[in-house]
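Enquirer: Please see the structure below; I have some questions.
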């Protein structure tokens, strides 16, 4: 009986030590003491490592990732909105997508050490998943939001993710010009490409233009804007998406 | 001199009455007393009605729309996350996009009376803009967020927009099946369509599948999922986007 109790106590202490280490890791990453540790455990659990609960439900970080993605987008949107009071929404959207994208989040996830705590099962497709750490990072944002509320989560995003790991000046200078991307692609692929203004609405001083992209004389996309250049950029961006040109 | 002062005073009073009426409209719509009225004035100002300020900058609701869109997405994401604890992220994403989309927001914008206060210039493309009121609604969300903070903005979204105007049961029952949408389209257009599983990764009990959609034997899109059905749905959804099929 005593040896049985001793074994139970040993297992319990071992589990406790493990939890403490995990809580410390989370505190190191987020800068905040976690309250509901289960949320964070879920955040670092990839689908491939999901275990069934008593109800037969397999829980992984995918739902938290969905939530965290939305919170992250909102916090970065507000940050850029306030940082650049004279930039238009096209600029803000573009800069946000350069910060928050699969590749950059995956890199960042590794950088902040998620690769040390994310659980996955290589045999179940876990290690072939390209954005394992980016997804876990979004899930972590979701966990912090649920555990500590919006303000604390925003603080985590801004002071632990954005400010230390992104050089905004560099991001902005690395200017993406969709029209030139498209033209380069067309030259490489020996395709004929045209940009045509197909519609103009409004008075002389404030017209809205609609541009169309034609590849091999086939209309691919249209875009609108309050200048010909903006309309062409919008159309070119869509064409790049549709034809999956990067 | 006296008549000049009287005129000034008259103009001042008129402007004051106008501001009061506007503040009341905003309070009626949001359920909250506005503090910084300029934010709301900006929110209801379409690009076509934008005036130049002293610095020569033309301000309209586009930046606020960008911010509001992100906040709205986050609040709806959280609402659905908590409302449906056993639904996966695919379900949550789908339901959110049925609530927050151009068409539904535009309708909602009109319903809550934004058509009475949005400023636009028909001569400058204002009335040709399809989502005038939906954009203004997103901008209004942005304004409430900046004026009153996250909690108040969430309250506005949930109690004034979501709960009174959306029937979640109806939205969920109106099940969108992208594969069947695509098959219907193909039949109508007499196109040959195929769904092929092109990749399987993982162990027997937990495989990740990649499905491909072929239209007239031309690969159009791929999608992945932890079941063949999910992978096909993901691929079908992408194909619908690429070919602009609704």
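The backbone N, Cα and C atoms fix where each Cβ goes, glycine too.
Just so you know, TrEMBL annotations never went through curation; they're auto-generated.
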Enquirer: From the candidates B:65, B:200, B:208, give the one listed by TrEMBL for the same Mg(2+) site as B:135, B:138.
Expert: B:65
Enquirer: Of these recorded positions, B:65, B:135, B:138, which are close to chain A by the rule of a Cβ under 8 Å away?
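Expert: Among the recorded positions B:65, B:135, B:138, the ones whose Cβ sits under 8 Å from a Cβ of chain A are B:65.
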Enquirer: Distance check, please: Cα of residue B:69 (active site) against Cα of residue B:135 (Mg(2+) binding site), rounded to an integer number of angstrom.
Expert: 9
Enquirer: Can you count helix, strand and coil residues in the domain 'DRBM' (B:177-245) using DSSP?
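Expert: Once the DSSP states are binned, the domain 'DRBM' (B:177-245) shows 26 helix, 29 strand, 14 coil.
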Enquirer: Relative to the Cβ position of residue B:65 (Mg(2+) binding site), how many further Cβ atoms are located within 10 Å?
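Expert: Residue B:65 (Mg(2+) binding site) is surrounded by 24 other Cβ atoms within 10 Å.
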Enquirer: So what sits near residue B:138 (active site) in its own chain, CB-to-CB under 8 Å and at least six residues off in sequence?
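Expert: Long-range Cβ contacts: B:64, B:65, B:68, B:69, B:72, B:105.
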